[in-house]
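Written below as structure tokens is the structure these notes are about.
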């Protein structure tokens, strides 16, 4: 059970990181899924406008005024259509970004949050006791709530001695936090070195 929980956690964290790394390509992904018909229509309109513009450039305004004016009107109409299609594409992108955000929440963020609360105190591995101060050991074994409750525990149990433990378990929530920090730091180092 512990191994499968750890495996699911690692897969979710890595998938979420991969999704964040690919966020630079988010507009292409959204265009491919939600905006393809509008993007194709816009591409066709721009191509047609370019052809008409080239035809207008090759036509002499003084010699063939009627043809040049007709092309000019067609270009003006295409400009308004291009502008409307671009506005429609922006609206579709906003809808796509909202939907992608919902998918990210449902498939990655929510399961990680559930794992943190439901299986947060599940021991992942153990460290030798006495390796860290008692406060740090309690955070490692019980999560971040132990750090917040440390003053209360100190006041309530001021005279009692904690029984000696051979090992200090590291809970899933702390392990997940440490994994996220390691990935964040590695990503920062790679981006810093590449720039």
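Every residue gets a Cβ built from N, Cα and C, even glycine.
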Do residue 6 and residue 131 come out on the same side of the membrane in Swiss-Prot's annotation?
yes
So which range, 105-125, 126-146, 147-167, gets flagged transmembrane segment in Swiss-Prot?
105-125
Of 39-66, 67-94, which range does Swiss-Prot call coiled coil?
67-94
Cβ under 8 Å, sequence separation of at least 6 from the ends of the topological domain 'Cytoplasmic' (187-195): give me the contacting residues as numbers and ranges.
17, 21
Its residues classified by DSSP, the topological domain 'Cytoplasmic' (24-104) shows 73 helix, 0 strand, 8 coil
